[in-house]
Structures are given as C-alpha cells and as structure tokens.
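J.: Sharing a structure with you now.
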Amino acid sequence: MTCSLLILNGPNLNLLGTREPHVYGHETLADVAQLCHQTADALGLKIGFHQTNHEGELIDWIHGARGVHAGIVINPAAWTHTSVAVRDALAAVALPVVEVHLSNVHQRETFRHHSYVSPIAVGVLCGFGVTGYRMAIEYFAQLFQPEK
Ligand code: DQA
C-alpha cells in the first residue's frame, strides 16, 4: 500500500470563493487543492484530489480507493446530511476516513447537525476553514509515519 490519500469534495464546492464567502471563505477549490498538494508534498504523501456534483461519481471514486489509497479525506458537503449511499460506500471500502467541513455545521441550521458519515469516520474537522484539510492530511501523515 502506497502512502496516498484520496481527497474528495462534494456538491457545490466547485463554487468556493464566490459561494457564500461569509460562510465558506474566499479561497477557491483550486486554492484548497494547492494547499492539499503542498501539505502532502511536505509530508511525503501522495494525494488524489477530486470534486463532483454527481453522487454516483463520488461513490465510484470511493470504490476505486481500495488498494490504491491508504485513507480518505472527504468533505461530502450537502451529501453529509442526506446520503446513506456515500456512507455505505465509505464503510464498504473500510479505509480510515476523516470528514472535513469548512464551516462549523453545529453553529448552523439544525439540518446540518446530523451527519451520515461521522459515525464511520475516524474523526471530524469542522469550522477551521481550509485549514481543516491541512489538519486532516497531517493526521494521516502521523498515522502512516508515526516515527517522523
Ligand atoms: C459544508 C457544510 C455543508 O452543510 C454544506 O452543505 C456544504 C459545505 C462545509 O464545508 O462547511 O456544502 O460541507
């Protein structure tokens, strides 16, 4: 198994930077990808980075992670609160998962307080903006290379 992470982003995150910047910040998805690549490079990890507005595509990427990636960082966006299918896919591949949200979903509408993913995740980072992605990658670096 190579030390590679799959970083997945759900619907509407392609609009980061212009989408409700008071909630999600001014960084674009390209900025998030750059941050993830820089963080992973510095820690000696490889990453795959994807965003989709199509649930089946996300599920296909999750299925494809088995045997290729050692862990998954996922911001499932709205599917966090709706998708048993995304949760089942993550459970099926049995890789460690860190759930990330830019905003603190617990400070927001009650429909955002429930996550189908959290019960099968190692941990959840929310409210730290794009830094949450960096923290998730750092967690995996420590998990894979604890001597470093
Ligand atoms: C989000 C929070 C979700 O509730 C929302 O549907 C998103 C983004 C976040 O990163 O804060 O699209 O996952």
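Counting starts with 1 at the first residue shown.
For all residues, glycine too, the Cβ spot is worked out from N, Cα and C.
Automated prediction, rather than curation, is the source of TrEMBL annotations.
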J.: Which of these, ARG112, ARG134, does TrEMBL say binds substrate at the same site as ASN75, HIS81, ASP88, LEU102, SER103?
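T.: The record-listed residue among the candidates is ARG112.
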J.: If I take the alpha carbons of ARG112 (substrate binding site) and ARG19 (site 'Transition state stabilizer'), what is the distance between them in whole Å?
T.: 17
J.: Rounded to whole angstrom, what's the largest C-alpha distance between any two of ASN75, HIS81, ASP88, LEU102, SER103, ARG112, listed as binding substrate?
T.: 24
J.: What kind of secondary structure is TYR24 (active site, proton acceptor) part of, going by DSSP in three states?
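T.: Going by the DSSP assignment, TYR24 (active site, proton acceptor) falls within a helical segment, counted as helix.
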